[in-house]
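Structure first, then comments.
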Amino acid sequence: MARPLSDRTPGPLLLGGPAGAPPGGGALLGLRSLLQGNSKPKEPASCLLKEKERKATLPSAPVPGPVLETAGPADAPTGAVSGGGSPRGRSGPVAGPSLFAPLLWERTLPFGDVEYVDLDAFLLEHGLPPSPPPPGGLSPAPSPARTPAPSPGPGSCSSSSPRSSPGHAPARATLGAAGGHRAGLTSRDTPSPVDPDTVEVLMTFEPDPADLALSSIPGHETFDPRRHRFSEEELKPQPIMKKARKVQVPEEQKDEKYWSRRYKNNEAAKRSRDARRLKENQISVRAAFLEKENALLRQEVVAVRQELSHYRAVLSRYQAQHGTL
């Protein structure tokens, strides 16, 4: 028969006894209560709760790294529970996240520093000729002090050799060539002279098609005022020829020989007039082109002189500050 709820009293622990009892008495009381049948098995939830409370009261080992201190009494011993007996309110070193450490994406990596300068690009930018290769055909290796040490990444293997960026390889060779160029600065090769006839001025010149037709020989190539060159003999002034006195020939003397001679003279005079007019037309069209080209070149000369005066002023200030080159 089941007992009423009022008669059910919790049985003593098997291994524990009342306070003040002799050691070993708890075991006898537990055995007696087990034989009498009035003991009740423990619930698993209560056992787990007591085990957590027992672990919470034990002092925890300090964890290396940044820790967070919880609020509590300053004179409380290690492992003491504060805040109404709650195990979560105890004071002492508690492991926590490193809130004061910089984030990974906020770190500044030294990859934006400029280590090398392309000397040829610098010289071309300032209108100077590029540096010639050093004698021997081999450029000296760059100084090891200026070579940045490669930083191994997280996915790099120990057997892989460090590789430099492709943009720095030609810059290092240029830097080595610059060292040999500074040593032989006085023996720099001057640029080869340019043929003035091959230089073309960028300009818009459109002559009249009728003038070009009058300046061209029929059946031949069209006259080009940009490329045509006259010889010194053609440009010499022609003397004025005096017209011969006209001789009156009587009608009875105008025979067949006279008319053939007159015909040949007229044809020769016509050819001479046509050649002279053709040459005059060519010279006039060529002169119009040269006048326009000359005006454009004068403007370029003025701009070049202004730029030259500016560079001379910069050079004089540099020499006054750093001495003669």
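Yeah, the Cβs are placed from backbone N, Cα and C, and that goes for glycine too.
Positions annotated as compositional bias 'Low complexity' by Swiss-Prot: 88-98 (among others).
Annotation source Swiss-Prot lists compositional bias 'Low complexity' at 154-171 (among others).
The DSSP breakdown of the domain 'bZIP' (255-318), given as helix, strand and coil counts, is 63 helix, 0 strand, 1 coil. Look at Swiss-Prot and you will find 255-318 tagged as domain 'bZIP'.
Annotated phosphoserine per Swiss-Prot: SER86, in sequence order.
Residues annotated as region 'Disordered' in Swiss-Prot: 1-98 (among others).
Under the heading region 'Disordered', Swiss-Prot lists 124-203 (among others).
Sequence-distant contacts of the region 'Disordered' (230-255) (same chain, at least 6 residues past either end, Cβ-Cβ under 8 Å): 276, 279, 282-283, 286. Taken from Swiss-Prot, the feature region 'Disordered' applies to 230-255 (among others).
Along the region 'Basic motif' (257-279), the predicted structure has mean pLDDT 92. The region 'Basic motif' feature in Swiss-Prot is assigned to 257-279; the stated evidence is sequence analysis.
Among the features that Swiss-Prot reports, region 'Leucine-zipper' is placed at 283-297, with the record citing sequence analysis. Here the region 'Leucine-zipper' (283-297) has long-range neighbours at 201, 203, 205, 207, 211-212, 215, 223, 225-226, 228, 230, 235, meaning same-chain residues at least 6 beyond its ends whose C-beta is under 8 angstroms from one of its own.
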